[in-house]
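Notes for the one structure printed next.
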Amino acid sequence: VDEETFKLIYSQFFPQGGESGRPPKPAGGAGRGGCLWRKTPHPAPGACRGGGFTISPLPPLADASTYAHFLFDAFDADRNGALCFQDFVIGLSVLLRGTVHQKLKWAFNLYDINKDGYITKEEMLEIMKSIYDMMGRCTHPTLRDSAPAEHVELFFQKMDRNGDGVVTFEEFLETCQKDEDIMSSMQIFENAI
């Protein structure tokens, strides 16, 4: 699967951040936040598509493509620009059945965009913006534009233990292992399969 196909597949699981950029609303109705959808069997030529819905030409409210790009990079272990079945199964295996160390290493790799062994504030801000973009503007309460940067500051206050402006895997691992909320969130999928 190439990256564009992965993004398309990913947008199906997160329709609020799909290609069209808006969550489905009841047919013919306007939802909160100005999101307008109507179900049509065959979209008109030139209309945006999104999971069988045609959307009015409002400005984009959500976009999952950047976050999908980061996920694609995390799953593409051999960095060849394509996900084979083995890449995907190995990634899922780590996330579902890996040790805490393996899961945290996978998560660190997701945040370490340039793969230099450090998470910088700039990298974390890119990830946070992509997550907030994926959530869209139809969230309630409405998110402030400063929310991603505030999240990054909180992350670094917690994770950057030596205050050097970057988070190493060792800092990330140590902090996560001491945080009960993070550790319990890692157990969510253990009994899923």
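Keep in mind that glycine also has a Cβ here, set from the backbone N, Cα and C atoms.
Taken verbatim from TrEMBL:
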{"type": "REGION", "residues": "14-35", "note": "region 'Disordered'"}
{"type": "DOMAIN", "residues": "63-98", "note": "domain 'EF-hand'"}
{"type": "DOMAIN", "residues": "99-134", "note": "domain 'EF-hand'"}
{"type": "DOMAIN", "residues": "147-182", "note": "domain 'EF-hand'"}
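Through the fold, the domain 'EF-hand' (99-134) approaches residues 14, 16-17, 62-64, 66-67, 69-71, 73-74, 91, 143, 147-149, 151-152, 155-156, 159, 165-169, 172-173, 176-177, 183, 186 of its own chain, all at least 6 residues removed from its boundaries and within a Cβ separation under 8 Å.
Sequence-distant contacts of the domain 'EF-hand' (147-182), counting only residues of its own chain at least 6 positions beyond either end whose CB sits under 8 Å from a CB of the stretch, comprise 100-101, 104-105, 107-108, 117-121, 124-125, 128-129, 131-132.
When averaged over the domain 'EF-hand' (63-98), pLDDT in the model lands at 91.
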